[in-house]
Structure formats: structure tokens, C-alpha cells
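What follows is one structure encoded as C-alpha cells, with my remarks underneath.
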């Protein structure tokens, strides 16, 4: 379909059409295009200094796919967007206001906010973060009933017997490096993680999709348990803080790096509140780690997983959030951080295989 349409404006089969013809094409199809998208495409047409647009760029744009050079072309364009800002539009429905709110919460550029506002269909919905949250709550309630304890469950003598908890003596059971997120130290631990997952994770997933946000979340979870196995070798791990801290750290870093462009309300106050909550949760984890254990000689769960999540958030997470609807494989910084993450994972795997024996470390007995 696009080839036939393109050839109508390229009778010589050169593979290029003039920006003037492209503008004519957009004008003739203006009734089929969302107004925000139309002005974006017109801005792109004006940004081509050579006056030509290639076939691949044409297909990518008309089929609603944004090439790696899309944003740069828009920012360098010499046509200013004429319509009013998305925030100034009136008469929106409740769902439209929600989508607009999410756009302003997560995206730093007006051009991206308009593109997202016109493109979002809620299909699929933000299922990943909601599913993970529901599973965490379900497992917590089940453990609370079976242990007869909801506050500081981690102090119960039978807590570590659960097959989902990461335990250093059972580190060969590889599923524990991931499934520990379904076990929480208590309702105070679960509560903050759930709130952050829903308030930060769901809007991010609505904008960037389940694949990208799920990748950052799972990478933070795995990095958290591996970091504990390297830096706090005798301690178990519980809780989803590795994944939560990866998402929140990426979001906060993205806001700081694009401070002037982020138009979310009370951003300084909200950042301060988020940092205070994260610090309180981290302080709780540190206190619990060094509190006299309920199952000596094994200590209480480690706090190092939080730091592993932060490291993932300010590296892989930031690259994901800064490249809305652009291919990550075209970003050199993405491959640098992927390589760093891969090296860390391989190092941690070999550390778990050999270091415990070489260091002659005395581990607590299995639960």
C-alpha cells in the first residue's frame, strides 16, 4: 500500500520524494490523521535540509513507526508547531485526561506527549505491573495465614523454609534468584513496594510498554539477588525492592536529566517525598539486616538488593525511558550498559560457583 502511494509521487523510481510532495500527500490524507500527528509529520518534512524524504523514512512515519533519527529531525526542524500545548486543550473525557496526565508524568518533550496521546489505545493494558503486584499480595496473604503473622513475617522461625526465598545454601536452585520477589518481610515492606509499583510502574508501562518496563524490572530483580550473593554472601533475600528501585531510580533520574522539559506538577516536592520513602525503606532493610536474627546463625535478609536495583535503574532504565518509541538497538549507550550488565551477571555466576569454596566461607545451614 505504501509502495503504491510512494510511487505516485516518485515516477522516476529514485527512492526519494520532495518534501513539497510529502506535504501535499499529508494534506490529502489530513482527514485520516490525528491533528497532533499531522503537525509532527509536517515538522519533519520541513526539517529535511536537502528537500527530500527517502522511502524507508516515508514508510516508517506513515505506518506510525519512529526511526532513530525522528526526534533529532523534529528538534532541528525550522517549522514551529502551531497548535496549543496538549495541557491547554479543553473538553476532554475522563479517559483522555488520564492519558494526558500520564504523558505529562513520564515524557519530557511536548512532541512526544502529543504523539503518545494520539497513539495510546489501552490495548494491551498495563498488565505486567498489575499482575506482578497481585501475585505479590496473594503470596503475602497466603504466608500470613499459614504463619499466623502479617507484621514482620521475616522474624517467624519457619519463614525461610519457603521454596521461593533466596538462601545462600540453596543458591544452586536458580529460580530463587527471581522468585524471592514474592516473599516480603512484612506488611510494612510489601505496602511501600506495592504503592511504588502502582504509582510509578503502571504509568511507565502505559507509555513504554510491558516488554521494556518488564525488562528493567526483571533486570533489577536479578541484579539485586546476584549483588547479595557477591557482597553479602551469608544473607538471604526477600522482597521486590530490586525491581521497584530499578523503576523508581530510572524515573527520578529521567526527571532530573530533563528537568526543564518535565511538566508534572509539584515535581520537586514529589521527588523529595519519593526519596524520603525510598530512604526510609532502605533504612528499615539495613536495621533488619543487623537486628538479632530469629533463626541463628542465619542473618535476616540483606539490603544489598536495593542497591542492585538502583544500579540497573540509572543505567539500563534511563536509556529505556529516554528513548520513547525508538529502537534501543540503535542506541550505542544501550549496548554499553547491556555489556556491563552481562559482564556483571557472568562475574556473579562464576563467583557463586567458585568463591564460596575458595574463601572457605562458613554459611548458615539450609532452612
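Placement of Cβ uses the backbone N, Cα and C atoms for every residue, glycine included.
Annotated features, as they stand in TrEMBL:
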ACT_SITE  241  active site, nucleophile
ACT_SITE  306  active site
DOMAIN    1-32  domain 'EF-hand'
TRANSMEM  213-231  transmembrane segment
TRANSMEM  237-256  transmembrane segment
TRANSMEM  268-290  transmembrane segment
TRANSMEM  302-321  transmembrane segment
TRANSMEM  333-359  transmembrane segment
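Per-stretch counts of Cβ pairs under 8 Å to the transmembrane segment (237-256) identify 302-321 as the leading one among 213-231, 268-290, 302-321. A distance of 6 Å separates the Cα atom of residue 241 (active site, nucleophile) from that of residue 306 (active site). Remote same-chain residues near the transmembrane segment (302-321) are listed as 106, 204, 208, 212-213, 215-216, 219-221, 223-228, 231-232, 235-237, 239, 241-251, 253-254, 257, 281-282, 285-286, 288-289, 328, 331, 333-334, 337-338, 340-341 (criterion: CB distance under 8 Å, separation of at least six residues from the stretch ends).
Here the domain 'EF-hand' (1-32) returns a mean pLDDT of 72 for the predicted model.
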